[in-house]
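What follows is a short report on a single structure.
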Amino acid sequence: PPETRAATRARTRSGPAPVTDVAKLCVCDLLVAQCDVNCCCDPDCSAADFSLFTTCSVPLVTGDNRLCSQKAAIYSLDVEANPPERIFKLIDQVNPSVFCIHATNYKQALAFSSPEMPTSENFDQLLEQFGSATFSAEPDSWNMNKDAQNPSDANETYRYEYGVPIQTVDAFLRLPSPVVSSWCSDGNPAGFLVNQATKCTRSVNVEECGNIQAASMLFYINSSILAVNITVQSVVVQSLNGMRTLLNGSDVLRLPMILDELCINIVLGMSYHITYTDTGEIIQAAASFVLGEINKEALSIQQSFEISFTQVNTKPVPVSGNPGYVVGLPIRAGFRPQGYPFPVEILFAALVLNTNKYGQLTILQSTSNQDCLAAQGPRTPILFGYNMISGCKLRITAAMKCQPLTQTLLDLLKGQNFPEYVASFGNSQAQDVLDWVPITHLHTSEQRIYNTFQSSCQIPVSLEIEVKWTKYGSLVNPQARIVNVTATITTTTLKQLPSGRERTIPITSSVVFTDISSPAEPGYKAWPTINAKLPFDFFFPFV
Amino acid sequence: NNSYQLSSVPLQILFYVNGIYYIFYFLATLAMIVYKSEVFSYPDDFLAPDLASLFIMAILEVLRLYLGSKGNLTEEEAPLGLSLLITVGSVILSVYFLVWQTYVLKADVIINAVLLFTYGLESVLKVVAIAAFVS
């Protein structure tokens, strides 16, 4: 009947009553209705059991020994007697100190307080008091701290720091990602300035096409980042055979629905593009979607998600580290635009960079046929920290002329757009010319030329790029910084061959990264100062 | 010579000793309250009455000793009677510190017992002095 149910709910349960009689208190009595070994206070033990004990594990049970006089139970084994027997004495233990507690009028003083049992009435208050990582014993002072925090939160603009979850109206901006297995979990918060790309699998039921929340566009643009609405930037529709078409009008919200036994407008890919200012505020958010369709047999879909951050008024330049270079990311390099004088003044134009981050500094890529004069294939980007060597074989015939051959080999070794400057940090901006290191060019010759007057043909046979880098910054988090880049071209003499003969010479190009970090200098801390302060409540009643 | 000097010398001596003892009592009780608040769990709504009582007792004591001493030396019964009345209040506060304090230590018991004994002796001597002045 509902009345008794309501009565049961209203009754608060309390914990078991505390035991305060020292004669009945036994901490070593762990087994119920069985005798614990060497436990002299166990009521389940008989005299025969006591005669088998060697010592008493609990010799003394007392109350709080700060009281002036308290009862104490002493358990001991009389080993002289035959058989050994247990001696139990109940005495009054006296605390001789003059500051012993004679009496107390405060009931909770000397015992642990029983915690409040949560009911539906006091649950919210208990959660407020104990729900955070730390809580104080006085609930009033806890409320005061909350009031102190409120004025700063009232500030409408939020300044984000790296890694801080992006707040939306109800919670955080989430990027579904696989956790443990490849199934999507919707709990991954997106951190500010943390570019992420995730792929995960989601199980779908085609019958409930319109109700699959996580596969509908609305789910991802519904949560508005505080004061900024998420706009739809572009929508790409992918058909069942994988063909993608970009839609023209991207304002229309396309929700999943059933059409011709297929469930269309399912979100297969989504990427957020967040624009931020240099003070750490988010001013714009856009989402791009890839919508697909699934047929009745599909049990799961694979979704891919991405989030990227761009600073306002800058073109997104891919960085190779922040700030130091990260091993494995390509070296960033660029040119100074034509028509500008030698580097002296500060007001320089920006450097021109290749928008393809893998195409900025490249070396020759070895091909399977190893023929240098074959069609120039793709070049390998130089990745920071990876020493590389590559090469090809050059077949020289008698008919080859010196100058065109030299030019071809230079183009082969250096590539079409060999840059002039290399970024010293992974995130150097093109506007800061001082952050860029010029490439030094050296020429050496394989043979020592004594007779420079002889006009022999020098053809470049090897390009060695040596990148000297150092560790920069703090000892616990050193950042890699490029200090010096030297490109050395080694040439050799091309001897004129008799007609019909041909020679094969190897052409090599290599990249070497050298760590020239100086040993760390210890930074000594300041001398410790004596900080003698009285406790804050020393002059308690007067303060 | 005692016939024209009605002031009670033992009472005056007792006032003097009481004054010195009370200074010691006040500092000792205050120090013990500070000690208790550090060592034991002493929430604010138990600490406030104890401290308030101690300060009220100090004020009463000063008043009491001044009036009693003045009444004894000027051989007037009015201030002495008022002092006797204030003694009642001091006795109640001393009993509070002896029995109803939040934490009663053995030292509290000792110094309050001595104080109560002093008050009792003083009251007897005051009554005798008032009787001598009135008649």
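Using N, Cα and C of the backbone, Cβ positions are placed for all residues, glycine too.
Predicted automatically and left uncurated, TrEMBL annotations should be read as such.
Since this is a predicted model, take the numbers as computed values, not measurements.
Annotation comment: TrEMBL describes B:13-35 (among others) as transmembrane segment. Listed by sequence, the residues of this chain that lie at least six past the ends of the transmembrane segment (B:13-35) yet keep a Cβ under 8 A from its Cβ atoms are 47, 50-51, 54, 57-58, 61, 65, 68-69, 72, 97, 105, 107-108, 111, 114-115, 118, 121-122, 125.
Packing against the transmembrane segment (B:47-67) from elsewhere in the chain are residues 15, 18-19, 22, 26, 29-30, 33, 37, 79-80, 82-83, 86-87, 89-90, 93-94, 96-97, 101-102: each is 6 or more residues past its ends and has a CB under 8 Å from a CB in it. As annotated by TrEMBL, transmembrane segment applies to B:47-67 (among others).
TrEMBL lists B:79-99 (among others) with the feature transmembrane segment.
The transmembrane segment annotation in TrEMBL covers B:111-134 (among others).
For the transmembrane segment (B:79-99), the list of distant contacts is 29, 53-54, 56-57, 60-61, 63-65, 67-68, 70-72, 108-109, 112-113, 115-116, 119, 122-123, 126-127, 129-130, 133: same-chain residues at least six beyond its ends, Cβ to Cβ under 8 Å.
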